[in-house]
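Step one of this worksheet: look at the structure below.
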Amino acid sequence: MFGFLKKIFGSAHDRLLNRYRKQVEEVNKWDQKFQSLSDEQLKAKTAEFRLRLKNGEMLDQLLPEAYAVVKAVCRRLNGTEIHVSGYNQRWDMVPYDVQVLGGIAMHNGAIAEMHTGEGKTLTAVMPLYLNALTGKPVHLITVNDYLAQRDCEWVGTVLRWLGLTTGALTNSVAIEKRKEIYESDVVYGTASEFGFDYLRDNSMAMSKEDQVQRGYYFAIIDEVDSILIDEARTPLIISGPVPDSRQMYDELKEGVAELVRRQRDLCNRLASDARKVVEEVEALGSGKKDKKLEESEQEAYRKLWLVGKGTPQNKILKRLKENPDIRAAIDKWDLYYHAEQNKEERTQTLAELYMIIDEKGNEYELTDKGINAWQTYTNGIGSPEDFIMMDIGDEYIKVDEDLSLDAESKMARKMQIKEEDAKRKERAHNLRQLLRAHLLMEKDVDYIIHDNKIVIIDENTGRPQPGRRFSDGLHQAIEAKEGVEIQKETQTYATITLQNFFRMYEKLSGMTGTATTEANEFKEIYKLDVLEIPTHRANRRVDFNDEIYMTEREKYNAILKEVREVHEKERPILIGTESVEVSEKLSRIFKQNGLEHTVLNAKQNEREAEIIAEAGKRAAITIATNMAGRGTDIKLEPGVADLGGLYVMGTTRHQSRRTDRQLRGRCARQGDPGNSKFYISFEDALLRLFASPRITSVLQKFRPPEGEPISAGMLNKSIETAQKRVEQRNYTMRKHTLEYDDVMNKQRQEIYAFRNEILGVGNIEPVAIEIIESVCSMGADQFFKSRSEEGGWNPEGYRQWLLHLFPVTFDEYFFDKEHLEIEEIEQMAADKVVEALKEKIASENAKVPGHLIAMGESPFPAHTAIRNLMIRKTDQMWQEHLLRMDHLRSDVTLRAVGQRDPLTEFKHEAFALFDELSRNLRTEVARSMFRFEIIAPQQTLEQLLQSGLRLETNRSLFVDLQNEQPSQEMAADEETQEESKIEENKPEPIVVGPRVGRNDLCPCGSGKKFKKCCNKVEIV
């Protein structure tokens, strides 16, 4: 019934395309009219459109004319030489109808799925121009700095021709230049640069002038699935060094390496013993087995099952599992042990190992044998206490019940217990991360070693991520494992996920070649529809059926054979691999067989542009990781299309169908011919971990001769099912991340709003007074609950609390009056503290010499000091809160064992923590406002002028007496999408008036450096 209606009325997708096609026709009509306009008349359209918008017209009404203007400009640029990335390129592009169609979809907040070579970059110019007419911020998000710079210089020419300004936001742009770039009508940049600038504006800027961004109106995300799907689980983090790091990786690494070696040796022995029995059985034949041998055979298969749990990548195990009968026998043991009645026996069997590795779940578990070995065989490194956490509550009770201790001794003992508990937890955490580094993180798959540093490999793109670090101490654990220098521990200063960052935009859209498989996720999380845009020319690519082999060895032999045959015809070949390790293995095979080739992986990423430029040439063979699978445009050398075009081979099916489609899309661009084929083995991770167990029975029936591919419809379906299973798992993880970050996001918005209010308000004094009043009110609520309850009305306690917070004197019976209500008490306290604050401000302001005020120095430095104190306290306590939230996130995962929902627990406790932060923040800000002092320099104005110093106004600084050190500024140096490091500037003495460099000669004429002379400021 529904199919019949669909044929009559078309799908929603078809109806939308038809509606947009009518708009394309309007665009073309206007384009015809505009061809008669002069250049000046065409350029004047921008001002005309802006005026019409101001007069009430809507963007949708302007769309046909605006898009037609862009199309007309592109036509007039034909033949123009444009300088792009150091080279001159000739403009030869005018948008096709399908590109106009994609531009309409993006303006309407959809994701345009456009095939390789269909001109996504030019398509984006039309909606960028239209939305930039509003004067609001318009951003084009790219996947790397090179594309941001290139697109700004290349297609940005159209926007500049029409009078708009453009800017390229790359990692190399200095902080002081960024505000100017953000003032541009259209800004090109990477997601990480936009995200880090947002974090810096809201967590590091000390004034409104320091903030660079101007809002979030419209964004188009290039390769939107890569950024919003693949990168969604990777938060942007600005981090800095931990002042008191407790890391023990150096101390523990030898012991962990020994434990892992013992596990490996144990599994190798088990596998070797099993192989001997299996070979003996095979030599005798199935008809000559006695009962004892049959028992030995079953025991051998049990050992192999155990080896799979201890070292899943064991070479002996992998070789034996090439035989479908042995694979089936091992699977039988797996089914046996998963039966409910055999759970206890399974536990006893696994206890033979030191540790159990769950390769599919990417987890591990230490057994009792492993714990005992850690204590016994690690040369005194291991300790029983490494796996026993203290119960601080019980320990505190014991201290309180110890009558031999006085109050001071009890407090000291509790501090000692707290310190010991923190040390134990840190040691246990370091131990867990070292084990994870050894058991679950693989060199040349998850990371490479470059310049004696650990460099992460992006699992989706295959590109190296220099500067990015694994979080939670894992990166340091890998550094310890590989014997490179262990970098300092860091803590989070500010963080946000890309999901929540991009959801701040008023309008969001995107473009990619592969989005339909994730359409539901785009709709559910980002409210974005996916629209497939037809191709300009028919796609001539031929996708061959997959070739499936039993073993990797057979698969590689088949690839070698196919490469030789295709190479003889001089067709270019691109071979896509999943990891650096596989690309290097294939390279060795090709070298041994005399095939000249080029390798592109994370170790050769500097040569990417050069290698891709050569990949479309006659007889070229290119082995590449996923780096060549997205965003690269391989152009064919003249004559290659006649040979059949580029031949793309995949060495495995990836866990995501989008990655496979991206690899296929490297060939047959813009109507060129091309072929693609995937080669798969049952040793590939996808099939080994996620394929249906029924495959084993199929293999036993259809096992082909050595070297022959397996052909069975069920296998192809099973591969697709496995991919869907992985995609669903990853989607669940991304959604899980978002649910937790949504809690953080609400808190982040509250803190950043409070911080921006402090920065934006002209006069900080009313804000300071409001904070003092709220603190006095919070204290009153604590000490004045009820007159009828014993201890419920405590005026003396309130007075002592106020004296502890503020340097203000309250008479002994100031609040101890029968007629006073709590509101009156609050007001009395607040009035007295506010009066003291005003006196403090007036006193500090009076310290500024009159001649400095005449030179332009602020007459109210105390206001600046208070503002800076508020900002610094907010930042400091927010950073501490983030650390507590990280710990909470780790802790709540264990609540699932007690049948409690971790997310619900997280929300509940996160709210309590934030409520505590809000109260403590106001209290600390109120306290700190009385603990600063303005210190003016002793030099005379004449001395300063004689020294020829440059005068800087509005630089009033202060000494924070509470911390007994000058304030510090911190600057972020972001290099990556995941982590950025904070550098702390050395603290400088705080002065009012013109600044003198610390290493400059002192203007007093002593001949000494300023830092050794008059710059010495004592804090009284």
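Even glycines carry a Cβ here, placed using N, Cα and C.
Database features, via Swiss-Prot:
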type	residues	note
BINDING	Q99, G117, E118, G119, K120, T121, D633	ATP binding site
REGION	963-992	region 'Disordered'
COMPBIAS	978-987	compositional bias 'Basic and acidic residues'
BINDING	C1002, C1004, C1013, C1014	Zn(2+) binding site
Original post:
In the structure shown, with every protein chain counted, which of the binding-site residues Q99, T121 has the densest set of Cβ atoms within 10 angstroms of its Cβ?
Top reply: Q99
Original post:
Which ones in the same chain are close to D633 (ATP binding site), with CB under 8 Å and 6+ residues apart in sequence?
Top reply: T116, G117, I612, R669
Original post:
Max Cα-Cα distance in Å among Q99, G117, E118, G119, K120, T121, D633, the residues listed as binding ATP?
Top reply: 18
Original post:
If the ATP site is taken as the center of the Cβ atoms of Q99, G117, E118, G119, K120, T121, D633, which further residues of that chain fall within 8 Å of it by their Cβ?
Top reply: M114, T116, L122, T123
Original post:
Taking the binding-site residues one at a time (G117, G119, K120), which has its Cβ surrounded by the most other Cβ atoms within 10 Å?
Top reply: K120
Subject >> CB contacts for E118 (ATP binding site) [other CB atoms within 10 A, all chains] >> reply: 23
Subject >> DSSP three-state assignment (helix, strand or coil) for G117 (ATP binding site) >> reply: coil
